[in-house]
Amino acid sequence: MGVVAVIKSICSLLLKQGEKIKLGFKRFPETFILAAVSACIAIYLNHHVYEKELIRYSLVLVIGCPIFLSIRVFLERNPEVKRHAIAGLYILSIAGLTACYLMLQEQNYVSMTRYFVLNSFFYVLFTVIPYYRREKYELYLVNLTLQCFIAVLYAIILFAGLSFIVVTLKLLFSMDVTWKWFADIWCVTAVFGFVCFCAGVPKPEAEMQLEGYPRFLRILMIYIALPLAITYMVILYIYFMKILINTQWPEGMVANLVVWYSIVCAGLLFCIWPLREFIPWIEKLIRYFSRGLIPLLVMMFIAIGIRINAYGVTESRYYVVLLGIYLAVYMIYLGISRKPENLLAVILVAVISLFSLWGPWSSFNVAIQSQNNRLEKILIDNGMLDNGTIKANPALSLQTIAEIRSKVMYFMRYHSLNDIKYVPRGFQPGQMKEVFGFAMYGNVGSASAELYKLASQPILHIKGYDYLIEVEPYVSKVSDPNSPYSVNITNGKLSINRKDKVIYENNIRDIAYKIYEIHKGVNNLTQNEMTYIDGNESVEVKFIFKEFSCTKERVVFTPAFYLFIKTK
């Protein structure tokens, strides 16, 4: 009976939205098609081996959604646009998607940051186009936000209903249901929610009326969110007074707290601005509230300045400073302007975010330059730089070793080791001891730790084995619902389980140490040298180590290896 009721509810929801979605498809056909195709790719990838190229195509399709939304609302607002101009817009958009495809050739930190900021930029553009040089943009944005919440609610309800049906079928008919089914359902329902949102987008000719401002939202903003924001401001001011009394500079955490609080407050002031026509004191409150945020932003600048002075600029600190400057200017603008243009403020933040992605002023270039300058200063202070060449120094303090490691680790995680100044071309972590005088890994108190790694990326021969498992550093468990095998690693002790029964055990650190004893001092090893074969009456296993860090005290850090399993 419960399943029948759920099915009826789902059908009712779909029928209710059906006509709306049909009209939405006529307005935004390209967007609907791109969303559907990207969902199909996601479902395919969910059931097949990771394919980088397909993910690349999917990302391009996803960013195409806001681009074509923007084109469609532009054409709706400007129906007199000539056909050749329309063709030019579509050619330009396809060229942009091609550029995005090329940008995603390497899906790393830099390219993905650019991708997500670009995606956000086009969604902002989509909201701006219908109300450029028009009033009541704030009401329009509030309406879009509500449509978004409603669409998410529809998607969650549909997902919950379909998941309930699948679970019931599994229980009643013993169907083989895995988590991948639910991932597929979510892909479908997410597209349904997105389509519902697009279908509910107001047409450009629609006039936003203040009477249409939802009463529940009015109560939420004025009587709940606003008092909470004021209370939080009082707490920050009390902390500010404590700093002045104790003459103790604020910690780095304060910068993030103030920035996020200011962003939330900016959004709150933006949303309640239209209500000044109903509630006269709102305008005065916005003016004084925005002024009250400025001293807190000054405190934020002091806190982040201390962090930058100590550790240099990173992308996150760059954006904290950039957001802080923007918010300070916006709050001053709200505090002195009689009739602020909030639409221009939104356009400005979108343009600034775009400019932060490319050029010598971009977050990436500024961060790379700053971290290199910081590393250069450390090397000079410790006499490790001679005519542009690093001189190894194993007698450094533990603090200096930790700081140099952190700089190298930063480039490993976010950029490329080739971006580090003064290191030899093709520098790798395994050369840390040779270049700097200490190993990359190991306890900070033990500069004797050495990294042993494969000399080249291997082509693995899997013939004769049933399963291949890749184990990354510090992983404690590897399992797959579709496989009877699982691997557990606790304090270096590895166990292979088949259907919850342990069939093999060994200490991964002891195995790595045997390789260390044989090849001591040779950091780059061949595939055969990094291989260890073992087994018992139940299973045969082969380990091919990718890398491990080892000290003379037999402690092995960061094991990473390929595990081959053959059932006897």
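Placement of Cβ uses the backbone N, Cα and C atoms for every residue, glycine included.
In TrEMBL, annotation is done automatically, which means it is predicted and not curated.
So that you can see what the record holds, here are the features copied from TrEMBL:
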type: TRANSMEM; residues: 31-49; note: transmembrane segment
type: TRANSMEM; residues: 55-75; note: transmembrane segment
type: TRANSMEM; residues: 87-104; note: transmembrane segment
type: TRANSMEM; residues: 116-132; note: transmembrane segment
type: TRANSMEM; residues: 144-169; note: transmembrane segment
type: TRANSMEM; residues: 181-201; note: transmembrane segment
type: TRANSMEM; residues: 222-245; note: transmembrane segment
type: TRANSMEM; residues: 257-276; note: transmembrane segment
type: TRANSMEM; residues: 288-306; note: transmembrane segment
type: TRANSMEM; residues: 318-336; note: transmembrane segment
type: TRANSMEM; residues: 343-361; note: transmembrane segment
By a Cβ-Cβ criterion of under 8 Å, what residues six or more beyond either terminus of the transmembrane segment (87-104) are in contact with it? 56-57, 59-60, 63-64, 67-68, 71, 74-75, 111, 114-115, 118
For the transmembrane segment (343-361), what are the same-chain contacts with Cβ under 8 Å, counting residues 6+ beyond its ends? 113-114, 117-118, 120-121, 124-125, 127-128, 131-132, 137, 141, 318-319, 322, 326, 330, 333
Mind checking which residues reach the transmembrane segment (257-276)? Cβ under 8 Å, same chain, six or more beyond either end. 136, 138-139, 141-142, 210, 213, 217-218, 221-222, 225-226, 229, 232-233, 236, 282-283, 286, 289-290, 293, 296-297, 299-300, 303, 320, 323-324, 327, 330-331, 334, 340, 342
The transmembrane segment (55-75) versus listed stretches 116-132, 222-245, 288-306, 318-336: most Cβ pairs under 8 Å: 116-132
Need a quick answer: max count of Cβ pairs under 8 Å to the transmembrane segment (144-169), which of 181-201, 222-245, 318-336 is it? 181-201
Most Cβ pairs under 8 Å to the transmembrane segment (318-336), of 181-201, 222-245, 288-306, goes to 288-306
With a Cβ cut-off under 8 Å, give me the same-chain residues at least six positions beyond the ends of the transmembrane segment (288-306) that come close to it. 229-230, 233, 236-237, 240, 243, 249-255, 258-259, 261-262, 265, 269, 317, 320-321, 324, 327-328, 330-332, 334-335
